[in-house]
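Peer 1: So TrEMBL says this about it:
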type	residues	note
REGION	106-134	region 'Disordered'
COMPBIAS	115-129	compositional bias 'Low complexity'
DOMAIN	232-578	domain 'Biopterin-dependent aromatic amino acid hydroxylase family profile'
BINDING	His411, His416, Glu456	Fe cation binding site
Amino acid sequence: MMAVAAAQKNREMFAIKKSYSIENGYPSRRRSLVDDARFETLVVKQTKQTVLEEARSKANDDSLEECIVQAQEHIPSEQDVELQDEHANLENLPLEEYVPVEEDVEFESVEQEHSQSQSQSQEPEGNQQPTKNDYGLTEDEILLANAASESSEAEAAMQSAALVVRLKEGISSLGRILKAIETFHGTVQHVESRQSRMEGVDHDVLIKLDMTRGNLLQLIRSLRQSGSFSSMNLMADNNLNVKAPWFPKHASELDNCNHLMTKYEPDLDMNHPGFADKVYRQRRKEIAEIAFAYKYGDPIPYIDYSDVEVKTWRSVFKTVQDLAPKHACAEYRAAFQKLQDEQIFVDNRLPQLQEMSDFLRKNTGFSLRPAAGLLTARDFLASLAFRIFQSTQYVRHVNSPYHTPEPDSIHELLGHMPLLADPSFAQFSQEIGLASLGASDEEIEKLSTVYWFTVEFGLCKEHGQIKAYGAGLLSSYGELLHAISDKCEHRAFEPASTAVQPYQDQEYQPIYYVAESFEDAKDKFRRWVSTMSRPFEVRFNPHTERVEVLDSVDKLETLVHQMNTEILHLTNAISKLRRPF
């Protein structure tokens, strides 16, 4: 529990304010999921750099010198060190007799995992040179120091860690490291080395050890004083690092995933259609407050839409009703008709989110949750993993019925809801959400871009013709006609290239991606997700509404047992269908 608390504190230390309103620096014309993901990556990087620089500056204060002196008092000088027999024997052995070969997989995996963070931590910005007393604290060392400073119990807690030390004077220096670990009462679990690929360095050594946090900090500071080592990097374990971002494990935790990219947009942007309309701005604020107050398990609040809002809905609804039979994909048309048959889609009133949520739950298990505006990319995608779509309830301004600078209820209802009622498309949406859980900031950018070019502006083939399935197209009559014309470029959907394609959110897209089918898109997406750097897999358990991290043999055995049971039911069903009547 102590380690988990420390990890949470470290995440908070590197967290940023996620209300990306214009007053907090978010550009007024950026309103897309992709731009939001890029903005978040940039701010997180800047915030983390600031935190690390402050910690390093503090470490270089004179107050740290006392810690260094205390640490050095625990370790004899190099001239006084007399290695124990086993250490001396170890030094004299050929390299291959006590460590794995140069290409050892474990060494490679550890080094690759931390190479980026090490380079960011060790290299000063620009042409500045480290000061004489700059100990080059890495992110993991700062987090370790923070965890140890919590209390005397935290300082004495055992810490599993890995040290990568680059030796300038050959493998004989390894003995001094092992002696220092013994002096600080550490236990070595694993040692291996290889000839270094860096100029001026003889060997790289990986040492995995267990030691109290306080002693580990003193060990690190002591080793940094020796001229025998080119560099020394710590990779801490026990959930102290922030390499894997927090993500919700249960649908109730989505209460913590409602950070807005823009807040009360009409109040902040003079280009917004409702900026000069005080009545509209007050209406938006009231509906936003309803969404902010919503908690998991609550019924979705009823919104009494005005005659003006119904008029806006009617204008867009009739346009989509006319265009969909010719330009929308078959799955959209089928669900649209079903919504009309159940009197959810009618022109004289806006559907309520609760009745739409009930409809989706019956058809695909998706449900809705009210949102006050456009959510941050990570929060929005995380919701999809639980088959929950966070939907706005406000209506675009009546003066601009066919275009909105941000998602509104008309966009959600006419664009997204029909396809979320299709099993294949619902599965694809959930897989995007599951892939986002624990993904890096860079991968969130890529997933957001894939979402942009598929769920928002995707096209697919149908009997040799190109049809629309993207919500941004199906709820925007002008861009729909543009997307199916010869004024734009159509490319085959390939997630790897789609994920890095620049996008357009102010004008019509110059490029659209065309999927052969939803099944083809899902297959390609699954293969692409398997190449992501996330070191674990997740699955959604529909019975508990929990996301399970598949990180143990026991969890995998349970999953295999469940799958075997399902396969047995399928086999029995096939056998019974083949029997003669």
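Residue positions begin at 1 at the first shown residue.
Placement of Cβ uses the backbone N, Cα and C atoms for every residue, glycine included.
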Peer 1: Could you name the residues, excluding His411, His416, Glu456, of the same chain that surround the Fe cation site, i.e. Cβ within 8 Å of the Cβ centre of those residues, in sequence order?
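Peer 2: The surrounding set, listed in chain order, is Pro407, Glu412, Gly415, Val455, Gly470, Ala471, Gly472, Leu474, Ser475.
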Peer 1: Measure the Cβ-based neighbour count of His411 (Fe cation binding site), defined as the other Cβ atoms within 10 Å of its Cβ.
Peer 2: 22
Peer 1: Have a look around Glu456 (Fe cation binding site) and count the other CB atoms within 10 A of its CB, chains all included.
Peer 2: 24
Peer 1: Any same-chain residues 6+ apart from His416 (Fe cation binding site) with CB under 8 Å of its CB? Would you list them in sequence order, or say none?
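Peer 2: Once residues fewer than 6 apart are set aside, His416 (Fe cation binding site) is near Phe389, Ser391, Val455, Ala471.
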